[in-house]
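Undergrad: Reproduced below are the annotations present in TrEMBL:
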REGION    1-22  region 'Disordered'
TRANSMEM  31-52  transmembrane segment
TRANSMEM  64-85  transmembrane segment
TRANSMEM  97-118  transmembrane segment
TRANSMEM  154-174  transmembrane segment
TRANSMEM  180-201  transmembrane segment
TRANSMEM  256-278  transmembrane segment
TRANSMEM  298-317  transmembrane segment
TRANSMEM  378-397  transmembrane segment
TRANSMEM  409-431  transmembrane segment
TRANSMEM  437-458  transmembrane segment
C-alpha cells in the first residue's frame, strides 16, 4: 500500500488513558471555523503587504504588471490551499507537507523535508516576520533616519521570546491573540483602502497612466517578483499543520480556506492601488517602509497609527507562524524523525513546548545572522520545492487511489496548475540568475542523508541521548503524547 501505515496504535477515544498505569496526553481540539479563518488570514496578513510592494514593483518595472503579479499570487495561493484541503480530508493528521510526504512517498523524503523545515524554513519565516515587526515598532523612535540594526534585531528577539511564552502556556490564549490581532490588522488595511479610494476620487491617478510602461520580461525577474508577492500570501497552508486540533476538520478546513484567501487577495490588491494613488512609482521604490510613507502623505499627524497597526499586524502574523511552525517539529519527532523530547507535550498546559522552544532557538539564530530580503528569497525557494512535491503527491492519489474516502474533492486541473507554477518558481531564478546561495540550500537539504541512515533508518542512537531526554523531561515537565486518529 502506498499510504504508509501509522507507527502507533494509541486509542483516539480519550485524552487520557490510565489503563496502562500511565497518562497519555493529546493536544486539544480547540480551533473552530473563526479561529481557522483567523489562523490563515492572520498569518498571511503580516509583514509582506507592508514590506514587499516595493520589491514586486522593482522587479516588474511598472505599476500594472506589479498588480497582475499580486492578483496571480492570490489565485495561486487559493489553488494551492484548495488542493491541500483535499489532502487534509484524506490524511487527517497534523503536520502539513511533512505528514503528506511521509504517507505518500515514505520516510526518506519526509525526513529531508522535516530536517530542512525545522532547521531552516520555519525559523526563517518566523525570523523574517519578527524582523519586519521590529522595523515598524522602532521606526517612530528614530524619525528622519534609519533605525540601528542592533535595536531592530533585539526587538525582534524580544518578540520571539514573548511568543514562546504565550504559545507554551495555552493553546486557547494563542488562538485568542490570533483572533484579536487579525481583527486589528483588517481594520488597519481598511483604513489604507478607504484612504486610497478617497485619493482616487480626488483625481490622484498619475501612477496609473501608461501603467505598463517599463515592464520587465525576464523569466527570472518575474520569478523573484513572485517570490516577494507569494511571501505576502505565505500562510495559506497553515491550517493543514494543525488538522488534529481542528473541530470537524473535514468541514472547517475547506470552508476556512474559501473564506480567508479570497478576502486577503482583494484587500492586497486594494492596498497596492492605495499605495500607488498616494505615491509615484519612484517614491514607492525609495521607501523603506511603504505603509509609513503612505501614512505620512495621507494621514499627516495621525501617521503614527499606521506604524502601530503594522507592528500589531506583524506581531499577530508571527504568532500564527510560530503556532503552526512548532507543530511541524512536534509531528516529525512523534514519527521518529526528530529527537523524542520534541514530540512531548507539557503535562498541564497540553502544548508541544519542547518543539516550540526549539523553533524559538533556531529563529533567534536566524535573526542574528540574516536580513529580511535574503531570508525571504531562500525561504521561498525551499518552500516551493516542497509545495511542488506535496501537490504531485495529491495528483498521484487522485489518479492511482481514487477510492480513498475524502469529504472534499478539488478539480484535477487546479493541482496541475499549482505544480506547474511550483516548477517555474524553483527553476526560473536558477536559469535566469543563478546564485551560490541556492547551491548552498540544495547541499543543505541533501546533507540530511548523513543523519537519516544512521539515526532514523538503522536507529543507531547515542546512549547519552536517553539520559539527556530524561533530564529535559523533568526540567520541562513534559510527557509523550498519543495521536488523534480522527
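Cβ coordinates are placed from backbone N, Cα and C, and glycine is handled just like the others.
Thinking about packing and proximity, how do these listed features fit into the structure?
TA: Residues 40, 44, 53, 56-57, 96, 208, 211-212, 215-216, 222, 225-226, 229-230, 232-233, 236-237, 240, 253-254, 257-258, 261-262, 264-265, 268-269, 272-273, 387, 390-391, 394, 408, 410, 414-415, 417-418, 421 of the same chain lie 6+ residues outside the transmembrane segment (64-85) yet bring a C-beta within less than 8 angstroms of a C-beta in it.
Remote same-chain partners of the transmembrane segment (97-118), defined as residues 6 or more beyond its termini with a Cβ less than 8 Å from a stretch Cβ, comprise 2-4, 87, 91, 237, 240, 328-329, 331-332, 335, 337-338, 358-359, 362, 382, 386-387, 389-390, 393-394, 396-397, 444-446, 448-449, 451-452, 456-457.
Outside the transmembrane segment (154-174) by six or more residues, the chain places 27-28, 30, 126-127, 130-131, 133-134, 137-138, 245, 315, 318-319, 322-323, 326, 346, 349-351, 353, 356-357, 360, 363-364, 367-368 with a CB less than 8 A from a CB of the stretch.
Same-chain residues lying 6+ beyond the ends of the transmembrane segment (409-431) with a Cβ under 8 Å from its Cβ atoms: 76, 79-80, 82-83, 85-86, 219-220, 222-224, 226-227, 230, 380-381, 384-385, 387-388, 391-392, 394-395, 398, 438.
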Undergrad: Can you say which of 180-201, 256-278, 298-317, 437-458 has the most Cβ pairs under 8 Å with the transmembrane segment (378-397)?
TA: 437-458
Undergrad: Residues sitting near the transmembrane segment (31-52): Cβ under 8 Å, six or more positions beyond its termini, same chain?
TA: 77, 81, 128-129, 131-133, 135-136, 175, 178-179, 181-182, 185-186, 189, 228-229, 231-236, 238-239, 242, 245-247, 252-253, 255-257, 259-261, 263-264, 267-268, 271, 289-291, 310, 313-314, 316-321, 323-324, 372, 376
